[in-house]
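Engineer: Next up is a structure, given as structure tokens.
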């Protein structure tokens, strides 16, 4: 069986070396937006251990001072690769530091907008770019031009806002082209990746899908079987569809009904995945088991642990019942996991590896318990790329663009004890809310929206009768990366319609409120 080929060996790749900047992942995203594949690794990466050669290297920004003890520094072997290099902010200061030139704390720090003056329009990095607005975020600055470099751009506070060593094809810039505040940053990155590095613009989901299907076949082989949990969300659905295309019915999808899913979710998943996409689907009704274990529990972290641990128990039990799909089929050897590239970035960032990569529904324990190997067909992709891939593979548009739904489900949208009656109130209110959002044609403008049931009661009036019933809180946010988020501004008449429907159609609700808290200080979910 041939060894699976990694993606950077199949596409021209720009290597982004991360020095811990909060913007590092955006460099990778921007490059992919113009169809150049980019991969991020920590700045401590040993170049000799890299199994592929990049077309170019970008040194990211970072929160450190290059001259301070313990600050990170790049492997000098990167300069022996013979490929173009671009240093951004800290990355530029690293270039100067290695060159032996001074970097010092600036008398005036630059944070926010600044104007860049292009001093050498003929420089290939600034080709087609006039003076433009950029985003600065640095306290240190160069106090001398490194040997062999020339100034190609300045700002009012920095005589070395852009420097170039033309013969070595090395550039440094003191601003962040990857953020949207930099008006021509994407063009600058494209100048570097495409024009200077010569990277072919072939990265697309159309090209990825066949490549990934073949990679799955090479990894799994002709006989092994694969299991994976599905939830009705876009990540697990796209992953399951890829497995179906690659190995057919040797992939077994398991849907565990934990009693805290959205209204009619199980039926919808069976119809979409099983009937519509032809995926080999096993459905387990474990609602009573989950709700029984949640009885009396109010702490949100305990809810999460109970749901996660119970899921593992149910999944293992169901997996043991799965029979081979044909006489030549082998053992179940692999577990599908919906890891995305942001999860990978979180685990390798120079800020320090996270304790665990986030796992779908807390299935990480299954690997040890069941002696399974992991298969992660989406681990190179950002969320927008997963959605695009889903559409290419014929997954219904409404499913591809579905809002995220937490693994613990409605259990963390019922604040307080989770009971069948409380779940029913929360899911009915949520259904009405989402239905009205879709009717208004604004569903895809909103990153995430949901209703949650608060553990308080409120006085109301229905007809001539006084009521004393529960409160529903509505939440809707807009975000790019879910690290920060703003609350969505609805039309007042829309909120009036939703509130009226929920109070009239959901027994037990007397009041509806709308959450107008941004993230931070609040999180997206209430629990």
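Using N, Cα and C of the backbone, Cβ positions are placed for all residues, glycine too.
The domain 'Glutamine amidotransferase type-1' annotation in Swiss-Prot covers 13-202. The active site, nucleophile annotation in Swiss-Prot covers 89. Here Swiss-Prot flags 176, 178 as active site. Per Swiss-Prot, domain 'GMPS ATP-PPase' is recorded for 203-402. Swiss-Prot lists 231, 232, 233, 234, 235, 236, 237 with the feature ATP binding site. Taken from Swiss-Prot, the feature XMP binding site applies to 304, 464, 519, 525.
How buried are these features, and what lies next to them?
Structural biologist: For the domain 'Glutamine amidotransferase type-1' (13-202), the model's average pLDDT works out to 91.
Around the Cβ of residue 89 (active site, nucleophile), 25 further Cβ atoms fall within 10 Å across all displayed protein chains.
In this structure, residue 176 (active site) belongs to neither helix nor strand by DSSP; it is coil. Cβ neighbours within 10 Å of residue 176 (active site), excluding its own Cβ and spanning all shown chains: 23.
The Cβ of residue 178 (active site) lies under 8 Å from the Cβ of 23, 26, 27, 29, 30, 88, 185, 189, each of these being in the same chain and 6 or more residues away along the sequence.
Around the Cβ of residue 236 (ATP binding site), a 10 Å sphere holds 23 further Cβ atoms from the protein chains shown. DSSP classifies residue 236 (ATP binding site) as helix under the three-state reduction.
DSSP assigns residue 464 (XMP binding site) to coil in the three-state reduction, outside any helix or strand. Residues near residue 464 (XMP binding site) in space but far in sequence (CB under 8 A, at least 6 apart, same chain): none are found.
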Engineer: What whole-number Å value do you get for the CA-CA distance of residue 233 (ATP binding site) and residue 519 (XMP binding site)?
Structural biologist: 23
Engineer: Assuming the binding residues for XMP are exactly those in the record, 304, 464, 519, 525, what is the maximum CA-CA distance in angstrom, rounded?
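Structural biologist: Taking every pair among 304, 464, 519, 525, the longest Cα gap is 42 Å.
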Engineer: Using DSSP and three states only, what is residue 519 (XMP binding site)?
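Structural biologist: In the DSSP reduction, residue 519 (XMP binding site) maps to strand.
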Engineer: Which of the three DSSP states, helix, strand or coil, fits residue 304 (XMP binding site)?
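Structural biologist: Note: residue 304 (XMP binding site) is helical by DSSP.
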Engineer: Neighbour count, 10 Å Cβ-Cβ cut-off, for residue 232 (ATP binding site): what number do you get?
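Structural biologist: Here the count is 19.
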Engineer: Could you work out which of the binding-site residues (235, 525) has its C-beta surrounded by the smallest number of other C-beta atoms within 10 A?
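Structural biologist: Comparing Cβ neighbour counts within 10 Å for the binding-site residues 235, 525 gives 525.
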Engineer: Can you give me the Cα-Cα distance between residue 176 (active site) and residue 89 (active site, nucleophile) in Å, rounded to a whole number?
Structural biologist: 7
